[in-house]
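Asker: Handing you a structure now.
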């Protein structure tokens with residue numbers, strides 16, 4: 001099994017760019033192995049929402065830190081972005097911060113794409129997944145340093161060359177919510193990304209077996225695949241605060257269909273705020289006892305997930321990081 005790693009989710013929907021950089025620096029000081037940032041053009045909330053540009057943030061964090069891996073969780077390199085330009089951006093960052101940059105990719109949400117000019121009906125999963133696969137092929141072709149004349153169904157290059165490429169290609173992590181994409185992650189990804197709180201059967205019966213099948217079909221070492229999961233955790237010694245902190249992230253409790261098709265932050269916020277706090281909290285590990293919190297996390301390592309990226313919902317992230325370093329990190333390291 002791949003090495004146990006502990007990471008921090010930098011919530012770009014909740015914090016402005018400067019504050020989020022400083023929090024990432026604090027996360028490294030608290031012992032985190034990685035920091036992963038979301039990439040939204042529009043946040044899920046109008047009130048209190050933010051949407052700093054992930055690539056600018058990553059470069060700033062690279063300059064301010066020394067060892068943490070830095071990446072997206074996740075970016076959609078298929079609609080508002082040209083994948084060739086994303087390949088250039090990540091190649092440049094990987095040159096500046098060797099072996100510290102990774103690219104996490106997903107198939108996209110309408111919220112970010114309509115705001116930046118997408119027109120027509122939001123594509124079905126089949127097209128979005130096809131675009132994603134094609135974009136990954138194109139980016140890897142460019143990272144080879146060879147001349148690219150890519151002629152795909154969606155993307156094209158003509159005599160394109162990246163003149164600054166890292167010694168080793170940028171690792172690509174594939175976000176998987178179901179077995180179809182998990183199989184692709186196993187076959188073609190350097191890592192797989194999923195999120196917690198969706199019932200253990202999803203991980204043990206669908207995602208992990210599908211990723212393993214994909215790796216076997218591709219003749220790859222499944223154990224070498226970095227299996228990342230965003231752990232939604234609201235840990236605080238104050239149980240009332242641990243529960244109430246989840247409120248800001250009520251949009252996570254909407255269905256995938258709602259999140260993928262809603263095209264305005266105001267509508268997303270309206271739908272989310274109609275949910276009772278008990279339903280909102282179901283997506284989270286809500287705990288004030290460290291042993292209870294770690295026992296809940298252990299389910300995921302037992303399932304075979306090795307890279308745990310912790311997403312804390314509260315507005316006081318330094319409080320969470322202090323609590324994490326004191327109460328949770330020693331117990332979590334013992335799992336590996």
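Backbone N, Cα and C atoms are what each Cβ position is placed from, and that goes for glycine too.
Among the features that Swiss-Prot reports, coenzyme F420-(gamma-Glu)n binding site is placed at 39, 76, 107, 108, 112, 177, 178, 180, 181, with the record citing sequence analysis. The active site, proton donor annotation in Swiss-Prot covers 40. Per Swiss-Prot, active site, proton acceptor is recorded for 109. Feature annotation from Swiss-Prot assigns substrate binding site to 195, 198, 259, 283.
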Asker: Checking your reading of the structure: which of the recorded positions 109, 181, 195 lie inside a 10 Å Cα sphere centred on residue 40 (active site, proton donor)?
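Answerer: Checking Cα-Cα distances against residue 40 (active site, proton donor), the recorded positions within 10 Å turn out to be 109.
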Asker: Return one of helix, strand or coil for residue 198 (substrate binding site), based on DSSP.
Answerer: coil
Asker: Got a sec? Which of these binding-site residues, 107, 112, 195, has the most Cβ atoms within 10 Å?
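Answerer: When each Cβ's neighbours within 10 Å are tallied, 107 leads.
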Asker: Specify the secondary structure state of residue 283 (substrate binding site) as given by DSSP, simplified to three classes.
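Answerer: For residue 283 (substrate binding site) - judged by DSSP and reduced to three states - the answer is coil.
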Asker: Residue 39 (coenzyme F420-(gamma-Glu)n binding site) has how many other Cβ neighbours within 10 Å of its own Cβ?
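Answerer: Its Cβ shell of radius 10 Å holds 23 other Cβ atoms.
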Asker: Where the record says 39, 76, 107, 108, 112, 177, 178, 180, 181 bind coenzyme F420-(gamma-Glu)n, what is the longest distance in Å from one Cα to another among those residues?
Answerer: 24
Asker: Beyond 195, 198, 259, 283, what residues of that chain have CB atoms within 8 A of the centre of the substrate site's CB atoms?
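Answerer: Counting only non-site residues, the set is 196, 197, 232, 252, 253, 256.
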Asker: Give the sequence-ordered list of residues that share a chain with residue 283 (substrate binding site), lie 6 or more positions from it, and have CB atoms under 8 Å from its CB.
Answerer: 196, 197, 232, 246, 249, 252, 253
Asker: 40, 178, 181, 198, 259: which of these recorded positions has the highest Cβ count within 10 Å of its own Cβ?
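Answerer: Neighbour-count leader: 181.
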